[in-house]
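In case it helps, Swiss-Prot gives these features for our protein:
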type	residues	note
DOMAIN	56-227	domain 'MENTAL'
DOMAIN	263-573	domain 'START'
TOPO_DOM	1-63	topological domain 'Cytoplasmic'
TOPO_DOM	85-104	topological domain 'Extracellular'
TOPO_DOM	154-161	topological domain 'Extracellular'
TOPO_DOM	183-583	topological domain 'Cytoplasmic'
TRANSMEM	64-84	transmembrane segment
TRANSMEM	105-127	transmembrane segment
TRANSMEM	131-153	transmembrane segment
TRANSMEM	162-182	transmembrane segment
Amino acid sequence: MSNMDPSDVRSTAQLILANARQGNSAYNMQYDMSRAHSINLITEDFLAGYMQDGRMSVVRRFFCLFVTFDLVFVSLLWLICIVINGDNIFTAFHKQIVEYTIYKSLFDVVAVAICRFLVLIFFYAILYINHWSIIALSTSGSCLFLISKVFVFDWLDSKQQVFEVILIITSFILAWGEAWFLDCRVIPQERHAQHYFRTMTSNDRTPMEQPAILIEQERPPQSVTDFYSLMDTARHSDEEDELDDEYTQMGLDCLRKAYEIIESSDWKVEKVNQKGDTIHSTQRDKIGKIYKLTARIKYPAKALMEDLFYRIEDCPKWNPALLESKIVRKINSYTDITYQVSVGGGGGMVKSRDFVNLRSCRLFYNGQICDDDETAQLSSDDGNSSLNRSCEGSVSTISDGDSNTPLLPSSVSSCKATFPTSSKGAAMPFDTLGNSLGAKSLGPIVNFDEEPPPLDQDEFEDAKDKVDGEANNMTKPNVPSVGKTKDRVWVTSAVSVQYAAVPPSPKYTRGQNIVSGFAFREIVGKSDSCIVEWVLCLDLKGYIPRYVLDAALTSSMTDYISNLRKHVNELRQKGRGRAPRTH
């Protein structure tokens with residue numbers, strides 16, 4: 001066995017396990033907690049049962065409050081029963097406590113509530129046990145005593161029978177309510193949260209091992225099977241060349257998916273500023289919430305794409321949201337693997353995250369990815385519209401039901417998850433762009449001839465419900481005049497991958513870039529400007545409230561575009577933003 005190739009051993013083991021599982025048809029998973037859950041999938045049960053920093057969970061704290069309410073409410077009813085007879089409070093206390101008899105006094109009902117309170121608080125709040133046995137004993141003892149009390153109490157000698165009956169029934173119901181709440185709410189929700197949290201904080205081997213032993217039917221769509229890393233290979237081997245080819249193909253697939261999302265028409269406006277910059281959002285099944293920022297930048301499209309893609313290691317110099325940014329593997333001139341560390345956000349609630357991304361960039365012409373020869377020809381000849389364009393593949397819309405995308409033969413196929421788009425009819429080209437910039441009807445192509453407003457107005461306003469009524473009534477200073485954009489779009493994309501050379505750091509939480517990308521659209525007659533569209537969908541891992549995550553992501557996007565404009569101004573001053581020459 002020691003002389004066998006590790007890849008052969010692994011393949012044999014996977015085949016044996018898959019065949020064994022296929023014979024066990026009765027095996028069904030209720031849910032797969034090992035999959036990379038999005039922040040959007042965190043349930044209320046998890047939030048209620050989660051014990052942050054070792055503190056008491058919300059659901060257990062409510063149980064302790066319920067037990068306290070039991071004692072206080074029973075005591076209040078007892079006071080009403082003894083005072084309503086007309087006796088002085090001290091005389092009533094003397095009869096009920098000092099001269100106590102089980103036949104005439106109701107103080108024993110309060111005593112049972114006190115004992116129940118002390119026992120439950122001691123075991124479930126102080127000792128923090130997670131078993132139903134104690135609550136079962138306390139409830140059983142309380143109910144047995146109350147039932148016995150009904151038979152031995154002297155009801156004929158009582159003056160306020162109604163209140164005394166209410167006192168006993170209330171104590172009985174509260175005791176059973178505590179037992180039900182602990183057994184059906186506290187214990188299940190805390191166990192669910194612990195299981196969920198262990199899954200999210202498991203080591204790197206967990207998501208690499210478990211998906212490998214699941215057959216296709218047991219594996220949920222977009223599971224971590226798409227994101228576990230490859231086995232190490234010897235340097236300068238033939239397998240490295242094959243791996244580079246797979247990374248290249250994976251980058252092209254991710255480019256197409258990012259372009260599909262950018263071109264989709266089901267975006268909802270979230271924020272709009274006075275320069276016309278907009279932030280949209282949309283919801284995708286199995287992915288979560290995706291954001292898109294649209295802005296106009298006074299810089300050539302290709303030059304801006306090259307600066308952001310090829311000079312990524314310089315990004316921390318002008319983007320304060322990044323602590324570190326570097327290329328860890330160069331695959332080819334338009335594909336690489338990068339490592340980035342972001343600063344915290346959300347008022348300190350979102351800590352620093354690090355990301356390992358597979359990036360790719362290409363030129364799209366009429367919705368198709370162009371090869372190197374076509375890219376060079378299109379870049380050198382703007383006016384030739386009769387080119388015989390042999391592009392690598394067209395971008396097709398993927399419906400919600402298209403979930404059986406074949407995986408690459410290697411485990412690096414992390415971007416093979418399907419990004420479903422809306423099933424509605426396809427919008428006219430650039431209609432989304434026009435709507436985001438407030439134009440009434442841009443038709444198949446749009447124009448922008450005016451200069452952008454001053455760069456000191458980055459205040460965003462909530463769009464939400466009123467955006468539909470205001471989209472067609474935006475004033476002239478906020479909407480550039482109509483013009484044409486070229487059919488050429490420079491697109492970059494990024495998706496998270498597992499890369500053995502960059503293991504998770506204990507200093508940061510490893511985030512997941514589900515999908516992100518930029519589209520740089522050229523403008524006819526304005527070669528020194530372009531339209532930038534940025535889509536972003538992240539899984540930051542860990543527990544982050546939804547409203548905090550939304551605020552942090554939208555704020556980071558607006559800060560990024562503001563810093564990008566400042567960076568572009570510096571580039572123009574240095575002479576690096578000259579418009580490309582045309583023939």
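Any Cβ shown, glycine's included, is placed from N, Cα and C.
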State the non-local partners of the transmembrane segment (105-127) in its own chain: residues 6+ outside its ends, Cβ under 8 Å from one of its Cβ atoms.
56, 60, 63-64, 67-68, 70-71, 74-75, 78, 81-82, 95-97, 99, 134-135, 138, 141-142, 145-146, 149, 164, 167-168, 171, 174-175, 178, 182, 186
Checking distant contacts: for the topological domain 'Extracellular' (154-161), what same-chain residues at least six beyond its ends satisfy Cβ-Cβ under 8 A?
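Non-local partners: 81, 84-85, 103-104.
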When you scan the chain for residues with a C-beta under 8 Å from the topological domain 'Extracellular' (85-104), skipping those not six or more beyond its ends, what do you find?
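Sequence-distant neighbours of the topological domain 'Extracellular' (85-104): 78, 149, 152-154, 157-160.
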What is the number of residues in the topological domain 'Extracellular' (154-161) that are helix, strand and coil, as DSSP sees it?
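Per DSSP, the residues of the topological domain 'Extracellular' (154-161) fall into 1 helix, 0 strand, 7 coil.
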Quick one: mean pLDDT on the domain 'MENTAL' (56-227)?
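Overall, the domain 'MENTAL' (56-227) comes to a mean pLDDT of 81.
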For the topological domain 'Extracellular' (85-104), give the DSSP counts of helix residues, strand residues and coil residues.
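Counting residues by DSSP class gives 10 helix, 0 strand, 10 coil.
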